[in-house]
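First up is the structure itself, then whatever we jot down about it.
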Amino acid sequence: MRNKLGSLHALLQLFAVVFSKEIAIKNERCKVCHFLTETFEAGMRNTARDHFGGGDTAWEEKNLGKYATSETRLVEVQEGLCKKSTLSNTDGYLSIKELEFKCSALLEEHEELVEDYYYKNQQHNFSKWMCTEQLKLCCPLGHFGKNCDECSGLKQTGSACYGQGQCHGDGSREGSGKCNCNAGYIGHFCSNCDSDYFQVEKTDRKITCEKCHESCTGGCKSIGPLGCNKCRTGWSMDEKLGCVDVDECAIEPAVCTRENEKCVNSEGSYRCACVDGYKRNGADCTLDVEVKFAENNASSGTSESEENNNESASENTKDEL
């Protein structure tokens, strides 16, 4: 029975890995599309007034209107499409291998849409127009899936997962829309604190949770050891201070009882260490030969120095006589 449960658990883990990988691969086309539109928008900014700088405002406005949708400008913009060098920062695309190649393939497949936007639809946001409305590779933030449905919690709080989690498939045409809550948050909308966190603030649209002190068990009411409901092993409850560390090294019977061993206390715990000059050898503390040798050398050096000083003092006395 145990083997069957182990196999089932391993299968579920494998399924989870494959599923998440599948989602990541499919979402990649959305990111590639965003890269394409971002390089296009950068090219539009770079060419906005490059050809006009004579100081004649009326002439510039008249001719800039023609240049704004000219074939000449489009060619200049296209030269920088799908090139990382066009952007000042590409950190958001580090996870995509062969980004420029994939972007160029997408551009080649839908080049007529780029031209259609350039000549007829510049009044729209290019990324939304291209990636969400035309190619249907992406969804607006806070939405997911084939029909760009709202993520959990968006309607209730104004932000997906109460702002304390990630909506599965957020911004893509994939996913379930379920919330993967940040550490410390639980619930369908990530709108409650986990068992070892306490609520600092909560409104209709926001919740803030903080982690209980390390000495707490069974939750807490507020920050610090005084807020603990109960104390973990290694701490004891004090009426005024809350959970305080138990010094295991000071209690009887002794916890470190082997020869040449000492107790070292720490917050909520302790450890048994070897006294100076000894080192751990399995469960026992044995003489550290290297330390002993160094001590002997240091002692010998001190003795020789004292002898030299005494001899020097004796010679000086003879000279004076």
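Any Cβ shown, glycine's included, is placed from N, Cα and C.
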Cross-link partner of Cys181 (disulfide, per TrEMBL) out of Cys190, Cys193: Cys190
Secondary structure tally of the domain 'EGF-like' (245-286) (DSSP, helix then strand then coil): 3 helix, 20 strand, 19 coil
Among Cys181, Cys190, the one of these disulfide-bonded residues whose Cβ has the fewest neighbouring Cβ atoms within 10 Å: Cys181
DSSP residue counts for the domain 'EGF-like' (147-191), split into helix, strand and coil: 8 helix, 11 strand, 26 coil
